[in-house]
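Record features, source Swiss-Prot:
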type: SIGNAL; residues: 1-20; note: signal peptide
type: DOMAIN; residues: 21-66; note: domain 'WAP'
type: DISULFID; residues: C24-C54; note: disulfide bond
type: DISULFID; residues: C32-C58; note: disulfide bond
type: DISULFID; residues: C42-C80; note: disulfide bond
type: DISULFID; residues: C47-C62; note: disulfide bond
Amino acid sequence: MNSKIFAVLFLLAFLSCVLSDQYCPKSSITACKKMNIRNDCCKDDDCTGGSWYCATPCGNFCKYPTDRPGGKRAAGGKSCKTGYVY
């Protein structure tokens, strides 16, 4: 009996984690001068601690996901380079 209760509780906890939508946070900056654009990362693997590779007007940065939509995941690709983008 206890194992059935545990299994149900575990399943509910697992589903709540899997089904909760996560997004990159919306940037508070709407524009950035070209000389200030830089990429801190070029893929999710560059980020640590559960943060994601997100796009902002000033470049790509590792950001922690939020439950509010509005941000943008970065596209990346082979042409992405870290550092300032001139």
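Backbone N, Cα and C define each Cβ position, glycine as well.
Where Swiss-Prot records a feature, it is marked here on the structure.
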residue	record	DSSP class
C24	disulfide bond	coil
C32	disulfide bond	coil
C42	disulfide bond	coil
C47	disulfide bond	coil
C54	disulfide bond	strand
C62	disulfide bond	strand
C80	disulfide bond	coil
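Rounded to a whole number, the C-alpha distance linking C24 (disulfide bond) with C32 (disulfide bond) is 19 angstrom.
Annotation for C54 (disulfide bond): spatial neighbours C24, P25, N60, F61, C62, K63, G71, K72, R73, A74, criterion Cβ-Cβ under 8 Å with sequence separation of six or more.
Comparing CA positions across the disulfide-bonded residues C32, C58, C80, the one lying closest to C47 (disulfide bond) turns out to be C80. With the fewest other C-beta atoms within 10 Å around its C-beta, C32 stands out among the disulfide-bonded residues C32, C47, C62. The two recorded residues C32 (disulfide bond) and C80 (disulfide bond) have their Cα atoms spaced 18 Å from each other. Taken together, the residues of the domain 'WAP' (21-66) have an average pLDDT of 95. For C80 (disulfide bond), the Cβ neighbour count at a 10 Å cut-off comes to 17, with all displayed protein chains included.
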